[in-house]
Amino acid sequence: MPSDIEIARAATLKPIAQVAEKLGIPDEALHNYGKHIAKIDHDFIASLEGKPEGKLVLVTAISPTPAGEGKTTTTVGLGDALNRIGKRAVMCLREPSLGPCFGMKGGAAGGGKAQVVPMEQINLHFTGDFHAITSAHSLAAALIDNHIYWANELNIDVRRIHWRRVVDMNDRALRAINQSLGGVANGFPREDGFDITVASEVMAVFCLAKNLADLEERLGRIVIAETRDRKPVTLADVKATGAMTVLLKDALQPNLVQTLEGNPALIHGGPFANIAHGCNSVIATRTGLRLADYTVTEAGFGADLGAEKFIDIKCRQTGLKPSSVVIVATIRALKMHGGVNKKDLQAENLDALEKGFANLERHVNNVRSFGLPVVVGVNHFFQDTDAEHARLKELCRDRLQVEAITCKHWAEGGAGAEALAQAVVKLAEGEQKPLTFAYETETKITDKIKAIATKLYGAADIQIESKAATKLAGFEKDGYGKLPVCMAKTQYSFSTDPTLMGAPSGHLVSVRDVRLSAGAGFVVVICGEIMTMPGLPKVPAADTIRLDANGQIDGLF
């Protein structure tokens, strides 16, 4: 089997206007970025308001492992399969961040014969959306320090500035810095730090905004500092929102690309699910729903993170509701959750598979607790044995009364996921229950955190450090107590310990810090050792990425 990059380069791509025709998007509504990428015009999107919406399919996964699960690959394969069985389907994905591309993960455009293309452009600069978000965030940072430099009329307390800087890169050296050094002309020295762009509240606002007006209003609500008498200061107070909206105007238009089979995909926005809310933009999702029978979208990492936030944050704010949910699992990842070392995964091990099944079992039960119908998509790898697949299907049937379907979209494209597509349609067109949430917004923030920890993570309780407790009390006092919560924790475990695999129970969820995201409309809860600025691994992917003798990129996949 050729590599992902070889498969992508061998593909014959359709002109983007032909892809747009499948969704009924006219040429005049496209802003082309070359032959195979386009943005969809704001005015055309506004014209869709009030149109009936198709069915929404959410793709999530078990707790990820270094073995890889293939959630994006499954999302693409499922979208292609739905088109193959006669449904007009579009995929809605997040844009990749440069940090993971050059760090540990590599590219994020699917794999094998289930990819979105042109994948090199998608994985790198794409249409410049992340640059626009980084620039808007940086403009706000500059305006804050400029306001303080010129007399500080708002009486901002330089010890209580919450607005950190961002860059779309994994760079641990920037987590904590000193700024404005070098003399009076450079401003007032203070401690500062950088987060990765995908953790920026601008990114969250970008992905939750309904339109440009909503974007600007949300930006204005962002709390960036406190005054000396402990009153909140917003971006509207420093008059940043108009210029920031100008920088984001074109970026807010969704990006249209295609799969290897020529089917449409909207790729827009990219918050991580372990340190942000992990969903693509509301604008892209709504656009897909108004243009297609089925919109297939993914939520980052496992269902305890991305799917929970998709429901408790994105669906709560927008009224969206998935008609069916696919939980992606792999034989090898379940064996890792059952205690097998990565180097031993190729050997058949039914005992470890059954032990690791506890992870999938909890994710399925968690998704069902929201009132959503579930099917398990088993992403097939060539090392898997027939006995392992048979045992997993048996476990799903007997212990969960849920169907598990082996999918071979990586090797076969949409044809390898037709059975999954049929199951998704059956669930989506079947009986639907009301959507329920993990908590009610009327409860205190601490109660919301505890509800997620105990109901979804299997924890005995939460443990809030004193700094976080003080900040939470302040949020309640300032009127932010009814906001939902966005849990920032390791993606590798239901606990805050990334080495605790499977389905641990009875642990404590440690809350180290909290951050207010008033514009996005949630409180970020930082648990355990999770960082909002990742670092590079000992051997980063960047070590092997280069241009070959023909000027083509090598090593991105």
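Glycine is treated like the rest: Cβ placed from N, Cα and C.
Summarising the annotation, Swiss-Prot assigns ATP binding site to Thr65, Pro66, Ala67, Gly68, Glu69, Gly70, Lys71, Thr72.
The C-beta environment of Thr65 (ATP binding site), restricted to residues of the same chain at least 6 apart in sequence and closer than 8 Å, consists of Arg332, Ala333, Met336, His337, Lys342, Tyr492, Met501.
Within 10 Å of the C-beta atom of Thr72 (ATP binding site) sit 25 other C-beta atoms, taking all shown protein chains into account. In the structure shown, across all protein chains, Gly70 is the one of the binding-site residues Pro66, Gly70 with the greatest number of other Cβ atoms within 10 Å.
Counting Cβ atoms from all protein chains shown, Glu69 (ATP binding site) has 24 others lying within 10 Å of its own Cβ. All protein chains shown were included, and the count of other CB atoms within 10 Å of the CB of Lys71 (ATP binding site) stands at 26. DSSP classifies Lys71 (ATP binding site) as helix under the three-state reduction. A coil conformation is recorded for Thr65 (ATP binding site) in the three-state DSSP classification, outside any helix or strand.
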